[in-house]
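Chemist: Starting off with a structure, shown below.
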Amino acid sequence: MRAFLLASLASLPAVNVYAHPTHNSRGLTRRAVDLDAFRPKVPTSYTNATAVQADPEIPTLARRADPEQVASELVAKILPDAQFRLVSDHYVGTNGVAHFYYKQTVHGLDVDSGDFNVNIGKDGNVFSFGNSFYKGKLPAAPTLKRDTEAAANALRSAVNVLSLPMSAESATAVPKEGSDAFTITQTSGAVKEPEARLVYVQDASGNLKLAWRVETDIQSNWLLTYVDAEDGSQVHAVVDYAAEATYEVYPWGISDPTEGERVVLTDPFDRQASEFGWHSDGTTEFNTTRGNNGLAHTNWENLSSGYLNFPRPSSADLKFEYPYSLEETDYKAYANASITQLYYTSNAYHDLLHTLGFNERAGNFEINNNGAGGRGGDLVYLNTQDGGGVNNANFLTPPDGQPPRMRMFIWTKTSPSRDSSFDAGVVIHEYTHGLSSRLTGGPANAGCLSSIESGGMGEGWSDFYATAIRLKPADTRATDYPMGAWIEGDSRGIRNFLYSTSMETNPQVYTNVDQYIRVHPIGNIWASMLYEVLWNLIDKHGKNDAAKPDFDANGVPTDGKYLTMKLVLDGMALQPCNPTFVSARDAIIDADKALTGGSNACEIWRGFAKRGLGAGARYDPTTRTDSFELPEGVC
C-alpha cells in the first residue's frame, strides 16, 4: 500500500482500509503520508433508549402508521433549523427495529460529515437516535460553481498532498449524466475513473468548509479526499473504504492448521442465507469458485481489474479438492487449495451473518439480492496470495451496491512462509470490517468508522467475531486467546495483550485508549471489553458449539455466544456515525433492550464496567474517564 500507512492485518489501518491484527511495530508498512493524520474529527452523540423514554418531548411525537414520518419529525424537532434529506438505505432489522438515515444539507449541498440516524421500535415509537449534524454558524451561500477545471484541479491536489500512486497531469473533468458529480478522465494508476463533487465538510477546527470530495480507487486504498474548494490545495479530511459441491478445507471452527485436519464437506451452504447455493447468482450456474456471494482467485500480479479472468480452479462436477502441505515451500503449488479455503470460509461467514441479521436490507454482499431489499451487484472479490504485499491482509468496503475487495497476503515470518487464507481468524477479521462498515451509519455510508476511536473499534469488532467463532467446547472464561498466532509464528499473536478475562493477563481499561494514536491497540481494548461481555452471557445462557445458532420463538439466540454476537451486530445498526466506546456500549445495551426487553443488562454492564466503561465513564478525545460502577438497580 506504498505512499501512506495502509490498514491491514499487519499495518495500521487508515480510515476504512482494514486488516488483520498487528502487534505494534511488528510487520508495519509505512508510506510517505500518514492517512491517520487526515481522519475526520466530527463530534457525534447517541441518545439511548433510556434517555428517549425519559425525555418528555420525544414521546409526544404522534405514533403513526408510517415510521418514516415519525423519524423525519424527530429530526425536525431536534434540529428545527437544519436542512436534511432522507437517504434511501432505510430498512427493518431482524429484531424489528427500523433504521432511518438522514444527511444534512446546506445551500443544497450535502454535509458529508452530517449524519442523523433514527431507530424506530416495533411499537412505532422512537427507540434511539444518533446525531453528527453540524450545529455551528453556517457559511454564506457559495459563489463557486461546479466547474470542470476546479474538479480536475482538486484531483491533482489530492494526488500531490497524499502522494497517491497515480498520474493526473492531463486530468479532464466531465459532468456525470444524471448526477451533480464529475467523472475525471485522462488519468492513470486508478482502478476506475475518479469522481469529484462539491460538498461541505467539517475541518480540524470544527468549521464547515466547502470542499471537493474526490473519490479515487487505487487498488490498495479507496479514498474520499476532501480538498478545500477555495484555495484548492488544503486537504481537510480523508476517508478510506479500505480499517465461498464439495470442498476439501479446514472446516468451520478450525481456526488454523494447528487445530485440526482438512476434511471434505458436501454442500455446506445455508439455503436460507444463500438461496442459490454457492455456485449460482440466480441466473447463471458456475463450475468454479464464483457465486452470488463471492468470486475467489489468486492475484499474484497485484492487478486491479479483470477479476473474471484471474486464475481459479474449475470443476465440472463441483469437486474442489486439492492438495495442501505445510511443508511446501512454493505457495503457488497449493494455490487451488488456498482459493477453495478462502471461498469456503467467506461463504460460511456470509451465511452465519445473514442468520444473525446482516442480510440484504442491511447491506450484505451479494450480486443478486433476489427482491430482499438493499442494493445488489456487490459480491466480494476474494484475492488469495495477493501480490500487493506480504505479512498483511485487508478489506476495502465501498457503499452498498459496489463490490468490496478482500486481499489475503503471504506471510513470511516463518519458514516455509504461510498463506493467510488458511487462518480463519484472519479471514473472519477482514470480512467483519465489511460488516461494521455497512451497518454503522447505514449501508450507503461506508465512511462512518473514520475517527481514530471508531476506527479502533472497527478493529476490535473484527477481533471479537474472529475470537467468538473459534471458541472450543471445553473453553471456559479462564481460556485466553491470541490473535494471528499461527500466521505470525508467535504464540503471543500480534496484539498487545491476549484476549482474557484475567486482569493480570490483560490489564487494559478504558483510559488506556488515551495513550494510543493507532487503531489496532485501541481495537484490542474494545475487543477485550466484548470478550468480558461474551463470557458473562455464556455463563448465564450456556454455549452453543454448533456452526449456527438456535433461536427461540421471539428470534433470540438461545445461548450466550450467539446472543452476544447478535447483540453486538444489532448495536452496530443502532449506534451513530463515528461512535465512541460510550455510545457503542449504549447501543449494545439498547440492542438487548430491543431484542430481549433488557433481560441481560446486568451481565452486559458488568462486562463493560470491569474494564472501566461503567456508568460514569466519560469520553474526551484526549482525557477519558474510567468508571467501574454499575447503574443503580441494574443488577
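For all residues, glycine too, the Cβ spot is worked out from N, Cα and C.
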Chemist: Of the residues Asn48, Asn302, give the one that Swiss-Prot describes as N-linked glycosylation site.
Modeler: Asn302
Chemist: Would you identify the secondary structure of Asn287 (N-linked glycosylation site) according to DSSP, in three states?
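Modeler: In three-state terms, Asn287 (N-linked glycosylation site) counts as coil.
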Chemist: Give me the Cα-Cα distance between Asn336 (N-linked glycosylation site) and His433 (Zn(2+) binding site), rounded to a whole Å.
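Modeler: That separation, Cα to Cα, works out to 25 Å.
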Chemist: How many Å lie between the Cα of Glu430 (active site) and the Cα of Asn302 (N-linked glycosylation site)?
Modeler: 18
Chemist: In sequence order, which same-chain residues at least six apart have a C-beta under 8 angstroms from Asn287 (N-linked glycosylation site)?
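Modeler: Long-range Cβ contacts: His279, Ser314, Ser315, Ala316, Leu318.
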